[in-house]
Amino acid sequence: MSNSLVLVINSGSSSLKFALIDTVSGEATLNGIGECFGLADANVSWKIDGKKHEFQLSDNGNHHKQAIDRIVALLEEQGIKQDIVAVGHRVVHGGEKFTQTVKIDETVLQEIENLSDLAPLHNPAHVVGMRAAIAAFPALSQYAVFDTAFHQTMPAKAFTGAISSKLYDDYGIRRYGFHGTSHYFVSREAAKVINKPIEKSSFISVHLGNGASVCAIKDGQSVDTSMGFTPLSGLMMGTRCGDLDPGIIEFLLKKGWSTEQVFKELNSNSGFLGVSGLTSDCRGVIEAMEEGHAGATLAFEIFTYRVAKYIASYMVALDELDGIIFTGGIGENSLPIRRQILKSLKIFGYREDEVANADARFGKGGVITQANTPIAMVIPTNEEWVIAKESMALLHA
């Protein structure tokens, strides 16, 4: 059995995703998810050889620990637990403290927890998952890989807000950016597509999913990105509003809304869901648009317009542009979304290759623009592979 297996864990407040990655092939030996933590129907499901299995968790305790325990049992049943050499954890927010992958110890756990003010929905849940994994795999080295780390190369003009420097000095208020592992991975894969060294390339990476962000990447490094202090800013998303005049927050507070109500509205009831009035799922919005639903049509138009606008604005961060990269669940699979974004960029010479664009879906990538026109391409992301590779590299450092 391979000695290159890394267990990758992404622990959220009410869920826990996991995958067993072979760092040589990049393939997931198995993957699954624990869902509905804190509810009566909490469960863990996984796929092996294309077949889905499910296990109901009990309602009498810590669902993160129960999920990890079930994963351990699953690995033992498959006879592969002993072949795992490390555990890698996704961490949403590393602030300015963590600029690269680190080995997890008690000090690191405390520092991640101390950053919870910057990611209150994510970092505490990461620590819960890490502690459960450490208890389950005490002999294995475990590593934290940060979404924000890739963006620590942004220049001050890109990450600094036009506010008093005291707010940055006292509270660390600045642009941090997210989806870093995804932007990192697809930019390296895109450089291979155009046969150019990553150190001499320039891309605009467009990660579109329920969460979405754009990143300008110069010579392999992030130089600007659309998400900011939190993952709420930037593009319109599944349930998040994206960029919004902050004066609206004061307006709603004066109208009697509580702070919690305002931010629940902006985080959970906006985006595709809020504008369409139907769903946060892009596929459902497009289906309704095709049936003539006005709210769905407007949601589609706002989303694609804002993505194109961000892409255009990030051209000024680069000396040249080798390609636009579409990735993430929507970016990899939604033909109508990509088509409309490219139409919006026609002033820059982008022309869709309809056959190639239709073909680049469901795990298949490639260039989707016509020959002799600026390049746009689809690159399926693989964040788990990045986390596994980063963990393996540090293990052998």
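Even glycines carry a Cβ here, placed using N, Cα and C.
Lifted from Swiss-Prot, the feature list:
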{"type": "BINDING", "residues": "N10, E383", "note": "Mg(2+) binding site"}
{"type": "BINDING", "residues": "K17, H207, L208, G209, N210, G211, D281, C282, R283, G329, I330, G331, E332, N333", "note": "ATP binding site"}
{"type": "BINDING", "residues": "R90", "note": "substrate binding site"}
{"type": "ACT_SITE", "residues": "D147", "note": "active site, proton donor/acceptor"}
{"type": "SITE", "residues": "H179", "note": "site 'Transition state stabilizer'"}
{"type": "SITE", "residues": "R240", "note": "site 'Transition state stabilizer'"}
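Feature map: Swiss-Prot annotations on the structure.
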{"residue": "N10", "record": "Mg(2+) binding site", "Cβ contacts under 8 Å, 6 or more apart": "L16, K17, F18, H89, R90"}
{"residue": "D147", "record": "active site, proton donor/acceptor", "Cβ contacts under 8 Å, 6 or more apart": "R90, V91, V92, H93, G94, G177, F178, H179, G180, T181"}
{"residue": "L208", "record": "ATP binding site", "Cβ contacts under 8 Å, 6 or more apart": "L235, V307, F326, T327, G328, G329, I330, G331, S334, I337"}
{"residue": "N210", "record": "ATP binding site", "Cβ contacts under 8 Å, 6 or more apart": "M237, G238, T239, S280, G329"}
{"residue": "R240", "record": "site 'Transition state stabilizer'", "Cβ contacts under 8 Å, 6 or more apart": "G211, P231, L232, L266, N267, S270, G271"}
{"residue": "R283", "record": "ATP binding site", "Cβ contacts under 8 Å, 6 or more apart": "S334"}
{"residue": "E383", "record": "Mg(2+) binding site", "Cβ contacts under 8 Å, 6 or more apart": "R90, T181, S182, F185"}
> Judged by the number of other CB atoms within 10 angstroms, which among K17, R90, H179 is the least packed of the recorded positions?
Replying inline: K17
> Helix, strand or coil at L208 (ATP binding site), per DSSP?
Replying inline: strand
> Tell me, how many other CB atoms lie within 10 A of the CB of E332 (ATP binding site), whichever protein chain they belong to?
Replying inline: 23
> Non-local Cβ contacts of D281 (ATP binding site) (under 8 Å, 6 or more apart, same chain)?
Replying inline: G238, F272
>> DSSP secondary structure for E383 (Mg(2+) binding site), reduced to helix/strand/coil, please.
In response: helix
> Hey, what's the Cβ neighbour count for I330 (ATP binding site) at 10 Å?
Replying inline: 25
> Which of the three DSSP-derived classes (helix, strand, coil) applies to I330 (ATP binding site)?
Replying inline: helix
> Quick one: largest C-alpha distance among K17, H207, L208, G209, N210, G211, D281, C282, R283, G329, I330, G331, E332, N333, binding ATP per the record, in angstrom?
Replying inline: 23
>> Going by DSSP, is R283 (ATP binding site) sitting in a helix, a strand, or coil?
In response: helix
>> Helix, strand or coil for R90 (substrate binding site)? Use DSSP.
In response: strand
